[in-house]
Each structure stands twice: as structure tokens, then as C-alpha cells.
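Taken verbatim from TrEMBL:
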ACT_SITE  SER123  active site, phosphoserine intermediate
BINDING   ASP73, ASP390, HIS391, HIS466  Zn(2+) 2 binding site
BINDING   HIS184, THR186, GLU344  Mg(2+) binding site
BINDING   ASP349, HIS353  Zn(2+) 1 binding site
COMPBIAS  250-263  compositional bias 'Basic and acidic residues'
REGION    241-263  region 'Disordered'
Amino acid sequence: EGHDHYLVLQEQLCWLCVIICGQRCKHVFLRLVEQEKDPDFWKEWAQRTLKNALTLQDLNKNVAKNIILFLGDGMGVPTVTAARILKGQLSGQNGEETQLEMDKFPYVALSKTYNTNAQVPDSAGTATAYLCGVKANEGTVGVSAAAVKSQCNTTRGNEVTSILKWAKDAGKSVGIVTTTRVNHATPSAAYAHCVDRDWYSDGDMPAEALQSGCKDIARQLFENIPDIDVIMGGGRRNMYPRNTPDVEYPGDKKHNGTRKDGRNLVGEWTDRMKDKRGYYVWNRKDLFSLNPNNVDYLLGLFEPADLPYELERNKETDPSLTEMVDVAIKILRKNERGFYLLVEGGRIDHGHHDGKAKQALHEAVEMDRAITRAGLLTSIYDTLTVVTADHSHVFSFGGYTHRGNSIFGLAPIMSDIDQKPFTSILYGNGPGFKFVNGARENVSTVDYEHNNYQAQAAVPLSMETHGGEDVAIFSKGPLAHLLHGVQEQHYIPHVMAYAACIGQNKDHCHTNSGSPSLSHISPTLALLLSVKWLLC
């Protein structure tokens, strides 16, 4: 499948050693690493890569029955690289030579992320771009740039629809899976039209906005597209009347319901779906008690707000992103017309904002695991999968570190200005700025590999900021080659819709009979794909 046997063998040996010995296993592949000293090793590797690249000339022009968008919130290119190294080091390798699942995608492009009114964007305006296909102002979701942030009266007439709605209108099943609240900036652009991304419930809205007829985002989740097939993430407290105790944390008032209108949106959804094989779950146990074959609609709200970081996740109560993606695809793929699925690794962004690089990078590795799982449950012949980010962060790593240096470790040199050590990972700004006795903190005196260590920052801020550089777009499957070069961010959903024969570009997808055609799939291959689908 184009994988380098060297890397695959390394990983297999490492995991075998971990299973048997329960320890890091760098010594297992030292002999393999010795090959790096031989020029022929690198030449042969390049030749294998070249042969694989030549196969890409036979472009996949099939119709995309299924379309999946993986969105790493805040996953800039430095984050991708650091996550790659972390993934390798978690299995005992040096890390630099490791491949993320997204690294294996055959096509890579760059996305320009600016908002219409912001050089360095936010997650709301960017979500409107890569979901609705139009650039927008920062802080707004599902509305054009003619809408003004926080001004309710600029909403009407400026609404724009998303690829999720285009897919639903075409008869496909649709789903949203996120590690944030289901009414957070990224998922909300898929269904809501709101001039303020922070209007999570009516309890978060000013009186004038409510009086002018604007709706909160949680309400829009259930009313704008009332039959979204799968919804999983956090955000319970925005669905219940104010002061309603949370089912999981009944004694903690900060998790109580926030709605002023007295509505129980979960109860309303449950009543509406009770005769449609619809299920509501709020914990991992109940999620896995379901047979996806017997579920047509699923609402899973696993926390009052965002889900916990993967490093802090209670594995008894909260599902991982990979587990949610697994269940979502198994439900959605029952539709013979296919599906659209939005998956957000949302807490990559939160880790960076907190200056907690370890949390952010483990979130990115977990999203990559989810991408792997999705690949096993689908086929490149009929599923277009796109992995991208909404924006970057002012996160960096450097310092001339040696091969295999812990991604969270120290640079091998001291500062030649203050003669103190520094970690490879640093932030341009954020909460990690710290002076001790009027000088930069000596990081060798603290646990810089702690899960919640806040990396040093150049400028003091309570929250680290986004970065403004381009982000990567990885793609595979039907017409994935259309995501090439350097593109505006709003181009992404237009390519996905074109590949799936939904939205405004449909003429190229139909045979004389008017039905979508899939080219290049032989009967034998179709049989093999069917067998794979059944086994997974």
C-alpha cells in the first residue's frame, strides 16, 4: 500500500517488545537504524517512494459516495510535525522517521486561513469557510461577511448553508463528532447561523438579541437541520433549563443547565426520535451498549462542556475520539446513498491556548488514530477523506535538538545570553511567560515533561494566540487531487461537494440514466470492498 517496509517493521518490533517487556524498546531496532549510515538505504527508500508516486498518475475520478472531513482545531504544520515525533516516541522509536496516518495521504495542499476582517483568524470565521464555502468575519458562524459580529439584526438575509446540509438534502446521512461542545465554533458552522460564536444557549445572549428574534446555537442544532443522524461531543449544560443539576455532576453547580427559556432540548429530541430508532447517551458504557446496526439516530453528550483532554480522560465514562468515530461511521454507512461526517479534534487548540503543548500534541495523536480507524471502515475508491486545520498557533520547536530527543525535552545548548537551559518547545506568547527574581525561569528546576507544564513564552498573555500562517490539507479518495497547491480555505467544501455530486456542481456526475456513476471499479474489486466493509 505504499508503506515503507523499514518503518512498518520498526513499529511492529517496537510494539511487540512493549507487549512482552513492558518497556521502551529502542534497542530492538538499533540494527535497523545502522542502515541509515549506508547511502544505498536512502536511495532505495527514495526509489520505493518514487514508484508509489508514479501510481498517482492514474487519478481516482470516482464519485465520492462518502465524504469525511477531519478538522484538527489549531493543528498548524509545526503541530503536525511534533505530533509525528510524539507518535513514534510513544512506540519507542526516535520519532522523526514515523508516519502519521495523514502523512500517508497522497495529496497535500496549503490553505490560506485569514478571515474577511482578520489577518490571523478565529475558529468561527474559518469554520464558515471550510464548511459553508464562503469567507466570513471572525466570531461569526454560518453567515456571510455582510453580517456583523454580535449584531443580531445583521443575521437575516446573510445566512449561508454548509456542506452538511447539502449532503442531507441529497439524501445522505450526516454526522458531527467533536471533542469540544457540539455547539462550539467548529461544529456550529455546520448547522447554525449566528453572529456570535459565544451564544451557546439563550443564557449567554444579550436581551436585545433575544428580543430581535436571534436563536442560540444549541437551539439551532435541533431546529435548523432537525434530523442530523449522529451528534457526539460535549455541551450538556446548554441543553437544559437553568439550575438543572447535571446527570454526571449533580453536586457541582457550575455544570448546571444554562437555558433561560426552560426548554429541555435533549428531552425534546428524545421524544421526537423515540419511534425512529433514535438513542440518547451520556457516557461511554451506554454508547457501547448500542448495536450500530440497530441505531439510525444518535445523540451523545458526554460532558457538560468540552470533553477532557485525552491524557486526562476517564476511560470508564468518556469515549475517545477514535471510539466515537468508529460508532459514527458504523451508523452512517448503512445509508446506501452514503454519508458526510465532520470530525473535530477540538482540544488541540485548547492545549495550545493554555500553553500546554503535551496536552495539545496528545490530542493530535489521538485524532490521527481516529483517522486510521476511519480508513479501516471505508475505502479510498468511494470515500473522499480530507484532513486539515482551521488555523495554526504560535507554537514552535527547535534549538538544534539531537535525533530522538524527547519532543518535550531540553535543547542540547544553553542560552548564550542568560546561560540557562530551554525546552525545544516554545510559544511566541501565552501563559508560560514567567520571571523568577527578575530573570527567566530556569526550566531545569521544574518538571518540563509534566502533562500540564506550560512552555515558556516570549510575551505574557493569559491565553496563547492563534498563528496566521497557512495550514496543510491532506486528502485521499475520489478527486482528492483537486486539493492541490495553495488554496483559499473556502475552496475545500466546494471540492468535497463536487466529488460527491452534491451542492451546485452535479452535471459531471450523472450517466445518461441520471444516476451517479462510479468508474474504474471492477466486479472483483467491488466484491473485495464489500467483504472489507462486512469485516470492519
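From the backbone N, Cα and C atoms, a Cβ is placed for every residue, glycine too.
Here the features listed in TrEMBL are placed on the structure.
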residue: ASP73; record: Zn(2+) 2 binding site; Cβ within 10 Å: 28
residue: SER123; record: active site, phosphoserine intermediate; Cβ within 10 Å: 27
residue: HIS184; record: Mg(2+) binding site; Cβ within 10 Å: 28
residue: THR186; record: Mg(2+) binding site; Cβ within 10 Å: 29
residue: GLU344; record: Mg(2+) binding site; Cβ within 10 Å: 29
residue: ASP349; record: Zn(2+) 1 binding site; Cβ within 10 Å: 29
residue: HIS353; record: Zn(2+) 1 binding site; Cβ within 10 Å: 21
residue: ASP390; record: Zn(2+) 2 binding site; Cβ within 10 Å: 31
residue: HIS391; record: Zn(2+) 2 binding site; Cβ within 10 Å: 28
residue: HIS466; record: Zn(2+) 2 binding site; Cβ within 10 Å: 23
Additional residues surrounding Mg(2+), by Cβ distance to the HIS184, THR186, GLU344 centre under 8 Å: LEU71, ASP73, SER123, ALA127, THR178, THR180, ARG181, ALA185, PRO187, SER188, GLY233, GLY346
Inter-residue Cα distance where the pair is HIS184 (Mg(2+) binding site) and ASP349 (Zn(2+) 1 binding site), in Å: 12
Listed recorded positions SER123, HIS184, HIS353, filtered to Cα within 10 Å of ASP390 (Zn(2+) 2 binding site): SER123
For the Zn(2+) 2 site built from ASP73, ASP390, HIS391, HIS466, further residues of that chain with CB within 8 A of the site's CB center: GLY74, MET75, THR113, PRO121, ASP122, SER123, THR126, ASP349, ALA389, SER392, HIS393, VAL471
Alpha-carbon spacing, THR186 (Mg(2+) binding site) to HIS353 (Zn(2+) 1 binding site), which is rounded to whole Å: 16
Within 10 angstroms of GLU344 (Mg(2+) binding site), Cα basis - recorded positions out of SER123, HIS353, HIS391, HIS466: none
DSSP residue counts for the compositional bias 'Basic and acidic residues' (250-263), split into helix, strand and coil: 3 helix, 1 strand, 10 coil
Distance [Cα-Cα, Å, rounded] between SER123 (active site, phosphoserine intermediate) and HIS184 (Mg(2+) binding site): 9
Using Cα positions only, nearest of the binding-site residues to HIS353 (Zn(2+) 1 binding site) (ASP73, HIS184, HIS391, HIS466): HIS466
C-alpha spacing of HIS184 (Mg(2+) binding site) relative to HIS391 (Zn(2+) 2 binding site), in angstrom: 16
Cα separation, HIS184 (Mg(2+) binding site) to HIS466 (Zn(2+) 2 binding site) (Å, whole number): 17
